[in-house]
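Trainee: Here it is: the structure, laid out below.
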Amino acid sequence: MGRQPCCDRVGLKRGPWTIEEDHKLVHFILNNGIQCWRTIPKLAGLQRCGKSCRLRWINYLRPDLKRGALSEAEEDQIIELHARFGNRWSKIASHFPGRTDNEIKNHWNTRIKKKLKQVGIDPLTHKPIDQEKYQQEPDDTIMELNLPNHYKTETYDKSNEAENCTENATDFSVSNNAYHNMLSENFDVDLWNKSCKTMSNCYSPTLSLEAEESIKFSTVSAVTESSSNIAPAEEQDSLQQWMDSIFSCAVNQLEEDLFFLRKYN
DNA sequence: AAGTATCCCAACCGCCGATAG
DNA sequence: TCTATCGGCGGTTGGGATACT
């Protein structure tokens, strides 16, 4: 026979995740890693299906997620990649470390699509909707909207669609604007520092401040705490490596955050 | 201030290829 | 080889937040 079902769906919770649920999931994964999504909710004490846990982790709780709005450079790159790959969001997202396919998809559907239509470019084909109109109108309309260079030329270069294009390593940088905006809007540096200490990088920006105060699971304690569900010794090593990478990732992000705080403060 | 429209995004749905049994 | 599930993906939507009248 085939595999066992993912979940029995009976009594499973749906809808928005609560702080407690997030806490349980993050705590469990930091301690045990990800082996089988189907078993995670049961072992973590969650009334959710594995699929829902996976989605929540990937799109929201992963420590290496980048927060903040997408920069113009990122937006430009999304447009270029979309011209090459179409709606293959996971493929596009792979060029943006710390960004999720869902985030990029949402950004495309809510903003970029609109922006392209405004300047008469079909977001599906990446070609001018009305060729004649665009031969009459000057390119500076497009320039004003900061579109990628290949839209500023008269003809669209078909070679952009070629799959065999060199896979450029993304010149990725944290959105300075986001940090600048935070600081210019009476951003509370003390609170920020405090929340960094409680691993807020893993956490949802929708968390209330009070709730954030109560989150005490640090990455250090996660490494040292007993991991009841890990058995073989060789798995301990790989788990330790995984934990180390998560931890170093969180530390790197923290350093990056502090760098920009100092720079713009 | 209240009602309505629009925007935004987290989460769900359903499909599909890979794979366990 | 076949069947059924898992994991991953893209499309869609519900509802909170914000803007507008």
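Glycine is treated like the rest: Cβ placed from N, Cα and C.
Keep in mind that TrEMBL annotations are predicted by a computer and have not been checked by a curator.
Straight from TrEMBL, here's the annotation block:
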type   : residues : note
DOMAIN : A:9-61   : domain 'HTH myb-type'
DOMAIN : A:9-61   : domain 'Myb-like'
DOMAIN : A:62-112 : domain 'Myb-like'
DOMAIN : A:62-116 : domain 'HTH myb-type'
Trainee: Tell me the residue counts in helix, strand and coil for the domain 'Myb-like' (A:62-112), as DSSP assigns them.
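Mentor: Helix/strand/coil tally for the domain 'Myb-like' (A:62-112): 31 helix, 0 strand, 20 coil.
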Trainee: Counting each residue once, how many in the domain 'HTH myb-type' (A:9-61) are helix, strand and coil under DSSP?
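Mentor: Final tally across the stretch: 31 helix, 0 strand, 22 coil.
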